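Heads up: the structure comes next, in structure tokens.
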Number of protein chains: 6
Amino acid sequence: MFFHVQKLINEIVADEPDPAAANILQEGLGGQFGEMRTMMQYLFQSFNFRGKAKPFLDLIQGIGTEEISHVELIATTITHLLDGSPRYQGNGSPGEGGSTPLSMAPNAPNVHHFLVAAQGAMPVDAAGNPWSGSYVYNSGNLVLDLLYNLMLESTGRLQKCRLYEMTSNKTARATISYLIVRDEAHERAYGKALEALGVNWGKTLPIPKIDNLKYPEVRELVEKGANTKQHHFRLDGSLMSAIFRGESPTHDGSTLTTVDEPPEGFPIPFLPERPEEFAPGLTPELMALAQQLEQMSRV
Amino acid sequence: MFFHVQKLINEIVADEPDPAAANILQEGLGGQFGEMRTMMQYLFQSFNFRGKAKPFLDLIQGIGTEEISHVELIATTITHLLDGSPRYQGNGSPGEGGSTPLSMAPNAPNVHHFLVAAQGAMPVDAAGNPWSGSYVYNSGNLVLDLLYNLMLESTGRLQKCRLYEMTSNKTARATISYLIVRDEAHERAYGKALEALGVNWGKTLPIPKIDNLKYPEVRELVEKGANTKQHHFRLDGSLMSAIFRGESPTHDGSTLTTVDEPPEGFPIPFLPERPEEFAPGLTPELMALAQQLEQMSRV
Amino acid sequence: MFFHVQKLINEIVADEPDPAAANILQEGLGGQFGEMRTMMQYLFQSFNFRGKAKPFLDLIQGIGTEEISHVELIATTITHLLDGSPRYQGNGSPGEGGSTPLSMAPNAPNVHHFLVAAQGAMPVDAAGNPWSGSYVYNSGNLVLDLLYNLMLESTGRLQKCRLYEMTSNKTARATISYLIVRDEAHERAYGKALEALGVNWGKTLPIPKIDNLKYPEVRELVEKGANTKQHHFRLDGSLMSAIFRGESPTHDGSTLTTVDEPPEGFPIPFLPERPEEFAPGLTPELMALAQQLEQMSRV
Amino acid sequence: MFFHVQKLINEIVADEPDPAAANILQEGLGGQFGEMRTMMQYLFQSFNFRGKAKPFLDLIQGIGTEEISHVELIATTITHLLDGSPRYQGNGSPGEGGSTPLSMAPNAPNVHHFLVAAQGAMPVDAAGNPWSGSYVYNSGNLVLDLLYNLMLESTGRLQKCRLYEMTSNKTARATISYLIVRDEAHERAYGKALEALGVNWGKTLPIPKIDNLKYPEVRELVEKGANTKQHHFRLDGSLMSAIFRGESPTHDGSTLTTVDEPPEGFPIPFLPERPEEFAPGLTPELMALAQQLEQMSRV
Amino acid sequence: MFFHVQKLINEIVADEPDPAAANILQEGLGGQFGEMRTMMQYLFQSFNFRGKAKPFLDLIQGIGTEEISHVELIATTITHLLDGSPRYQGNGSPGEGGSTPLSMAPNAPNVHHFLVAAQGAMPVDAAGNPWSGSYVYNSGNLVLDLLYNLMLESTGRLQKCRLYEMTSNKTARATISYLIVRDEAHERAYGKALEALGVNWGKTLPIPKIDNLKYPEVRELVEKGANTKQHHFRLDGSLMSAIFRGESPTHDGSTLTTVDEPPEGFPIPFLPERPEEFAPGLTPELMALAQQLEQMSRV
Amino acid sequence: MFFHVQKLINEIVADEPDPAAANILQEGLGGQFGEMRTMMQYLFQSFNFRGKAKPFLDLIQGIGTEEISHVELIATTITHLLDGSPRYQGNGSPGEGGSTPLSMAPNAPNVHHFLVAAQGAMPVDAAGNPWSGSYVYNSGNLVLDLLYNLMLESTGRLQKCRLYEMTSNKTARATISYLIVRDEAHERAYGKALEALGVNWGKTLPIPKIDNLKYPEVRELVEKGANTKQHHFRLDGSLMSAIFRGESPTHDGSTLTTVDEPPEGFPIPFLPERPEEFAPGLTPELMALAQQLEQMSRV
């Protein structure tokens, strides 16, 4: 069973709207190596988990639960990057006398963001391909599933490093940097799990081998230890710490720590009405009905 | 942020393995109107929610969170229906001298269950189509999103009623019946939300109009009020109850109640090793390493 | 602009329900070389037609219009083959006390016919793949489009000949035979159009080279000249006859004739309610409302 | 059976070529909520229609027939928006000495318009995804199908309103405005059909709630009553008027009227040769053969 | 540049036709972890290879070239398993008087084998999904690409072991066993390549950990050293042997050897005409023309 | 069996990087009528070839083998067009202090070229759609397969002529021109094969009818006879020449010649490291290990 707290796992940093940045971030949400995929892959591996090696189940499922919050974080980031693009911000009169408040949309990287999703995130990648269930890998063989997961996190981190180099928008970079660091933590987790079964990674991890000091936002998170800690996101305890502990498989002197307490979380910024999108599109009359309902419930 | 408890939202009732029942249940998991779709649709609608009508957000997101647990329930049901199919149950020696313990698989409704997923659930529908992000509907217009959600829950319930009539396997029927009842509760939720904006449904809800007394497992759940109650699945409170309360939009004399406390949950049954699938496939040597790790963590 | 007459272009011959026959006929409806494809391909070629060679436009568009009626015919055939499968025919009590009137469905070639489409036709092929817009070929080059269309009709006819050999169901065979003959007529049409531009087909047409006398239903239609005549399906006249006339490009002594008058058509058989599918699923109360409406309109 | 008249259901208004406008209009043609989808959905619902409520069949099928003409209209609009893009218009010498008459194409929103379709419409959406048969919804349950159809028309109209705000091209806007008005008429039709079964829509229809006076082209059509009238497009009469009559379900004082006579239609503009696309690509020699054929047919 | 010899890389062993075995083998041909995928993935990685580590290029490209021959082998195996299915073998009169020589096809695992492909192999998987370019993984990062390739070969071998347990058909098993052994050789190749960069695999390779002695056909090949040798398939030499040499990364005492000489190959069995499929469908008249051509060329 | 020589079938001509040209060339690689499709279609037709008309088999398979080298050529061309795009060339410090060396990527025609493929070619078309196995046509009927192949080569050539008109980049044009000429040779091959069975093409071939003299690079190749010669790419001889000989089916006075000797080939240009892509991403430490290995192998 799953439960929700209406907070984000990382902060949304304010900056200008940026549809191009929003679009490339879609790869991290709905791409073949994005957060929807890690989430679904780890959840299916957990639901189908066989045998008695329970710490491995708890590790995979705990990371899988974290990934739902990553989906929430990156979707929210995309929505805020799309909301109120510079060229029509403040123009609240769609079609008034034939105006074109969405005139920039036909040349946006993905016009669906404006035409279909009302300036919101979509379950697609940066080239517009919808997320597919065929992405999910779950062979049932534990060594193989762990090996795939390690490769998956590494590819996710590789793509996010490339994303970092594509944009200087602060809203985008804050989320990208957070995910670079967390993907690295997950690389350590799966690398460690395989180490427990006899593999020695030498100096190959993490992949890619980047110098964290080069990216200011990443460095800040690393200094807080965000790449060596792992919450288990369980309300009923977890055996994850049997694996995620001790020397890191990166062999760089760092130590892994499983954290029991849930993260505190950050507030979710408000999204205003967009009349040019008819979203949410309530007339004053319908809005009055909606408010009436809230008031009645307080009685 | 999302959290997990390692329990199921409904019970897995024991019965014989049944790959055909497992396969039709895939529609309820990865089908166009299945639980992965409702989950993703409501979560995206929540992440992209605009404006101040917060009880509507809390309603959609609360149901969305419940749907993650439904995905967990139906995936677990499918896995247990697949596990150890009659024709090779107990045959633990794959390939020994050229034996064919999986000889029934080529004629199974979806050979991928045995060839790809090691007798596990997959993110596909009953015809083998992978789940697609193009299923997710999120127009940004509140009335339209609610109307779609009502239609979606009704279609989900319609298909589950048909599923009930296709199988007499008890494992399958227990989960099907639970979802029939919960889909009905969600129909009431979205019907009520639209009623709050001025629609009167007359005698059209719920869709389809079935006599719940005909299905014994459904009747039992209805008698416990499972079709008129709604948990909010939030650890930090919810305004959902501003909508989900009072007279039901079905106009049948029933009353809606929002429940604050989380459900208790049911244990997740153990899935044994399947040597014919090499799942999890640990040799005695690797298994010893895995166990050593668990012991070390207890020190 | 398009108009409709509520009649079928060929007769639905009565026989037993046969879900397997229904499923293979889906290839002729929603397959890569089926009627939805020919219809859409010819309509797009017409809408995008360039230049002054108008008889070619009228030929392509006229055949395209005929194909809409073929879609109607084959969809109706499939629905009647699915309707009331032997193993549950007459069992009108879905779920009564836990009955399983749809128990045969999980082993049907495509369970979606029962689970999704209420024993109705779907826009998919015989392997369950949904029809795709990527099938439509429209290069803009006239010779190339005609060459493709000839190949398309030949492949359609080839597959329908194979379908004929797969089933002895009379409902299926009547429609299959009709389409074999009409595909042959269309082969002649496109073969003739290319002949008008200088190609000589020798003895290669029609493809495949079958002996029409072997298939009794086909022979009957051929004897009526159904493979050498072509209606233009236009209410405002057509230049199609500038091409579809004179010696056939098959060089078998036959002559092509364009027919101005529309075909007479055949009645569409009635489809009863299917309570086990909740289709149409109107309660007596809702049915009364529906009937009231019809009566009021007569006033 | 279907018939054709070589006229358009609305006028193509002349303006400059505009590939970006053409591309966004593709959503209205081949998108998930575009005209190909409404057409196919209503036709399949008609072919599979069960039971005796014939006015509902005639309503759905009549609108479905109209949608074929909408596909024709919007495809023709797109083709004319693509034809002869400003940057190479008049450059009739493809490749002469290495010239690049299509040099603007690589940066067009969808290069396939120039590379594959010879400046013609394609069965794809505005993001380039091909139309899919999986879009078609046909549950067999009448209330549910009507509810979906209402939602579908509302979403179509919502997207077309957004399209209106994205472009000021007159060719595009004329077609967009016509479809906004007709989608509204169809919302009324399905809203009314559900009202006949007991639903009262209050003030929620039409969706979105826009002020028609704001869009000049829309206003003009509304003033002619184009949003409250419905042709039945049948050559043999229709019971559609049993539903589409009387007070509109929008509760705005308007009255619905079914029209028996077919619309008059508008001429289809001529599309010239495009040598840079080799379309239709007939050499003078082949053109002479084509003309010869037309002359011979006049004898 | 690529060259061809009309021989197979392994023998086709004769046995009865077996459409079910043919269908499951499709996973090895067109599945997500089948031979088309390995072939395309390694070729793309070679075409896009960056930097100076040439032995790695030669290793990946050499295996990629071998995979083309695997595609040839498995496609040929499937075709021979399909050719002349027992239930209509010898029935050479399609449709004669209405006969149904293909009557078993509607219940075959994939009716397309008979309806579309004339009893031939197709580029699809065992569930009928067409092969997709989205399968190809090529991150550009060498460690990551090698890690993925190791996982890919391991999954391929895992699935082939499961295939072995699903069928006892000798034609199928001969090819399956050969591919099990070659996938193992490729696991060693990529495992060794990563070992060269510092990874130590302990006792985890190969994956899955099976006892080769259990499968008679596999044992025979292993005894010939087929799982430790690697041809480079280059006509102009290769640096592959810089990696594929010395101690195996499986740490089982075996030694890797790169072989310069090409394999000898096996004859390709003849495929007869199938009149019920109209394949190749030449009339006596056309056959005479074809033969005339061959004779003329000898002059 | 297939073999490789590490050379290209045509020269890569140097010019500036050009991501837009790279993207349109993807149609020729992974598009519905591109080289991956011709390659796979001809190989499948060969593997499934039925009957005794062996010169036809050798013709189809020989061209199929050539197409693998075309895939290699066009993929290499794309990679070189992408490598080191002007706006970040020379910027070797990804992320240094937050720099954005890939800042141009979000507006590239396909951001996946930079985000996923490290400035490399991908198996997708110019609109980003992944290559699909559903493209492959293999009806088993020889006349029909030849007709399709002729249409396929003509469409490929048509699209390449359009590509020529879209770009003036020399790297792109050299490869495009080579493929225009070779597609023409293949048109002659399939046209001739059908002529051998009785078709006379008059003046319709090749399609499109262009004046080769207009394109300088094409003219140069034609003057060398590159459009009338055909290598067979077999190491063990071929009967292809029984068909590809004598008068061309274009009826323009040219003569067809089959060539036994393999082409000489051209060197493959080196692709440097791209630090901003972390490709190949070896640290100095890992690079030392890689080099050590090469040295050891020389001992």
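Note that the numbers count up from 1, one per residue, in the order the chain is shown.
A Cβ is built for glycine as well, from the same backbone N, Cα and C atoms used for every other residue.
Feature list (source: TrEMBL):
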BINDING   D:Glu35, D:Glu67, D:His70, D:Glu153, D:His186  Mn(2+) binding site
BINDING   D:Asp58  Ca(2+) binding site
REGION    D:85-104  region 'Disordered'
In whole Å, note down how far the CA of the residue listed as 'Ca(2+) binding site' lies from the CA of D:Glu35 (Mn(2+) binding site).
19
Neighbourhood of D:His70 (Mn(2+) binding site) by C-beta distance under 8 A, where only residues 6 or more apart in the same chain count
D:Ile9, D:Glu35, D:Thr38, D:Met39, D:Leu179, D:Arg182
Cβ-Cβ under 8 Å from D:His186 (Mn(2+) binding site), same chain, 6 or more residues apart: which ones?
D:Thr38, D:Ile63, D:Asn149, D:Glu153
Remaining residues near the recorded Mn(2+) site, that is with C-beta within 8 Å of the centroid of the site residues D:Glu35, D:Glu67, D:His70, D:Glu153, D:His186:
D:Thr38, D:Met39, D:Ile63, D:Glu66, D:Gly156, D:Leu179, D:Arg182, D:Asp183
Residue pair D:Glu67 (Mn(2+) binding site), D:Asp58 (Ca(2+) binding site) - Cα distance, angstrom, rounded:
14
Same chain, |i - j| six or more, Cβ under 8 Å of the residue listed as 'Ca(2+) binding site'; the result in sequence order is D:His232, D:Arg234, D:Ser238, D:Leu239, D:Met240
Taking D:Glu35, D:Asp58, D:His70, D:Glu153, D:His186 as the binding-site residues, those within reach of chain E by Cβ under 8 Å are none
Please work out the number of neighbouring Cβ atoms within 10 Å of the Cβ of D:Glu35 (Mn(2+) binding site), leaving out its own Cβ.
25
I'd like the Cβ neighbour count for D:Glu67 (Mn(2+) binding site), meaning other Cβ atoms within 10 Å of its Cβ, all protein chains included.
24
Using a 10 Å radius around its CB, how many other CB atoms surround D:Glu153 (Mn(2+) binding site)?
25
